[in-house]
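Copied from TrEMBL, the annotated features are:
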- 24-43: transmembrane segment (TRANSMEM)
- 39-423: domain 'Cation/H+ exchanger transmembrane' (DOMAIN)
- 91-108: transmembrane segment (TRANSMEM)
- 120-142: transmembrane segment (TRANSMEM)
- 157-178: transmembrane segment (TRANSMEM)
- 190-212: transmembrane segment (TRANSMEM)
- 224-243: transmembrane segment (TRANSMEM)
- 264-296: transmembrane segment (TRANSMEM)
- 308-325: transmembrane segment (TRANSMEM)
- 345-370: transmembrane segment (TRANSMEM)
- 376-395: transmembrane segment (TRANSMEM)
- 407-428: transmembrane segment (TRANSMEM)
- 484-617: domain 'Cation/H(+) antiporter central' (DOMAIN)
- 624-769: domain 'Cation/H(+) antiporter C-terminal' (DOMAIN)
Amino acid sequence: MDFNVSSIKTSSDGIWQGENPLHYAFPLLIIQTTLVVFLSRSLTFLLKPLQQPKVVAEILAGIMLGPSAFGRSEVFTRWIFPTWSTPILESVASIGLLFFLFLVGLELDLKTIRKSGKKAAGIAFAGISLPFVFGIGVAFLLRKVIKGVDRVGYGEFFIFIGVSLSITAFPVLARILAELRLLTTPVGEVAMAAAAFNDVAAWILLALAVALAGGGKAHHSPLISLWVLLSGIGFVVFMFIIVRPIMNWMARKASCGHHIVEETYICLTLAGVMLFGFMTDLIGIHAIFGAFIFGLTIPKSGDFGGRLILRIEDFVSGLLLPLYFASSGIKTDITKIHSLGSWGLVVLVVSTACVGKVLGTFIVGMSYSIPVREALTLGILMNTKGLVELIVLNIGKEKKVLDDETFAILVVMALFTTFITTPAVMAIHKPSIHQLQLEKTPKIKENNLRILACIRGPRDARSLITLIESLRSNKNTNSSITKLYVMQLVEFSDRLSSIVMVQRARKNGFPFIGRVLRRDDTTDQVTTAFEAYSQLGRVKVRPTMAISALPNLHEDIIHVAEKKRAEIIILPFHKHWQMEGEEEMEIHAGHGWRTVNEKVMRQAPCSVAVLVDRGLEVNEIMNSMRVCIVFFGGADCRKAIEFGSRMVEHPAVRVTLVRFIQNFGSNFDEVERTLDDTTIADFKIRWDKQTVYDEKEASDELVEQVLAIGKSGEFELIIVGKGMFPQYIMAKLFENPSTDQHSELGPMANILASSGKEIKSSVLMIQQQAFGCENTKDVNSKVASQC
């Protein structure tokens, strides 16, 4: 069916009126969007085992919908992607691209780039200059071989080819590093800093190319290009001198807490994205430059930028951006690469891009004394392409600098270089023999207590400071110093906003919390809390950060515990409670965090503690704190006594040890019983005058006895071992219906952590080092089955 574009209507009257909705703009756009999102998400799922970034699936989805695959069917093209719908699809996709580039500018902190150091700048320069020079040679060859390319001016064609070969996709690189667990390593830190330099340089070069291109008009003159460049420079100066102070003022006003004011300023900012995009389009530079520069002017401190990201990010990156890949795929016709010579050009372009990027980065990396494997890995990482590459190619095609065949060749190059990044890095970047030996070396026993404590936010920080403070002795001996490694756990996702968390890493591979995410009030609170606490002097605080997807987060925790020789890992429970009036409200962090805890407990090379927080906070610098150690017997309970014993030396902590004993028939190992008795005897001899000791008989009402301790309100904290209690006690605990609710805590801590039991005390569950041993949960299950 033929259409007159001027007569296209927005919506139909429906099939009952005899109209086909696919012949109208809006219903067809709905179908196109649904198809694009479904196909790209399906490919993302299929490519996930290969650890490919989402952008690879989105590029493939776009190509499949174009004339290279599904688009070869005339029926499919006529019904789903007719020619008259292309401007509509591209307009909607361009809106998504406009706001995506605004988000990229919002995330990119120029101060961080300036502070990244000479190493990152040198690597970025080499990673741009060498492939750019190689690209000029490739451009000469393409002009000789491909018909019609020689009609384009030398300058703009060389620049477009050079930029397409030398660019590094900053957002895609961050996600690849996260998948490969390299974000907080020296290689990841240098790669991210160099990619940020590369990004800024690429946009400057692209602006130059656009100014020179002039839309392929025959009457385009160098004088017009000069005016476009000067206007672009004037626009950037105007944005940073005039607009930036206005945005700083708006950010401060929007943060005052008044909901109406906040909404007004956010709406004005989003309208500004469209306005400044129009201004750069009016100048003759693509509209995305206006949105990108406007994003750079938004203040990075405070939470105004974070609120903007939360409002638009998912809608833009999840729904609108895939449309841009679809519109790019429709323009990509792989069949244009039809001859053997054309495929030879593909091999040449891919080889030139890889050799130029890898070689340049490798040579400079070696000059900075980076090990060979790491320098080679860095070169491969810097060769990552992605969305930014497609933007460059699409602008080149739009300005008629790139013809169909050249466009297809460069799209294949971008797809191939991004696809091989992950497998190539996995093959090359392996732990050195020295590192493996270090990780297998037994931990050195020291007088200092080394703790790795994990937190998710301010609430975890407050309760953790209280717990660590209770371990601080007031004795003036070096042996009583506690060394605390605080690891903030950050879930890395496909969200663009995750990228900002990896831009400011310390050079030792473990970023300081205080230097990572200054725009977020939550992180500011965490930073302030630990900076203030570290001034006490008896605890050495070393903040670190783990940024990974939840299924892999436990590996970061275990790695740091091994490297720092931690004696115990403290994890936050996946739930906490707070009072709302007279009612106790349960707040759930998610089952993914529970899985993280379970994996750490199974694989940790040291003891593990889980803190169930019911309001354990600092009260006037530890004015008073009452702790109860509940002892049943077994290795975990003995570890609980060892941990709790360190609290006795604190002048503001009052420790009570309650031991539940069984005075009749027990099959509990006599060796274990002897160890228990020895541990209790040593505790009483050493701390008899400073603690309270109480023995209780483990009766049939054992669960009620323990619950009574938690309900009494006499203790702010109850410390209990995880499991392997005597058989009789295990039998009584497994009779409780809530025993399996939180099995990772063990039966006793599970009871104390259950909701609806009016428990007032926080609970610290401790598991003795279980690495290489049989799972405690399985052992407990066997004991229960025997009972």
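Heads up, the Cβ atoms here are built off N, Cα and C, so glycines get one too.
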Verify whether three or more Cβ pairs under 8 angstroms connect the transmembrane segment (376-395) with the transmembrane segment (190-212), leaving out any pair fewer than 6 apart in sequence.
yes
With the transmembrane segment (407-428) as the reference, which stretch in 120-142, 157-178, 264-296 has the largest tally of C-beta pairs below 8 Å?
157-178
Under a criterion of three or more Cβ pairs within a distance under 8 Å and sequence separation of at least 6, are the transmembrane segment (345-370) and the transmembrane segment (120-142) in contact?
yes
Contact set, same chain, for the transmembrane segment (264-296): CB under 8 Å, 6 or more residues outside the stretch:
94, 97-99, 101-108, 110, 203, 207, 210-211, 214, 224, 227-228, 231-232, 235-236, 239-240, 243, 247, 250-251, 253-254, 304, 307-308, 311-312, 391, 395
Of the listed stretches 120-142, 157-178, 224-243, 308-325, which one has the most C-beta pairs under 8 A with the transmembrane segment (24-43)?
308-325
Under an 8 Å Cβ to Cβ limit, what residues of the same chain, 6 or more beyond the ends of the transmembrane segment (224-243), are close to it?
207-208, 210-212, 214, 276, 279-280, 283-285, 289-290, 293-294, 296-297
Mind looking up the mean pLDDT for the domain 'Cation/H(+) antiporter central' (484-617) in the predicted model?
69
Would you kindly list the residues that approach the transmembrane segment (308-325) from elsewhere in its chain, counting only those six or more residues past its ends and only Cβ-Cβ distances under 8 Å?
32-33, 36-37, 40, 58-59, 61-62, 89, 92-97, 99-100, 103, 106-107, 266, 269-270, 298, 387, 390, 494-497
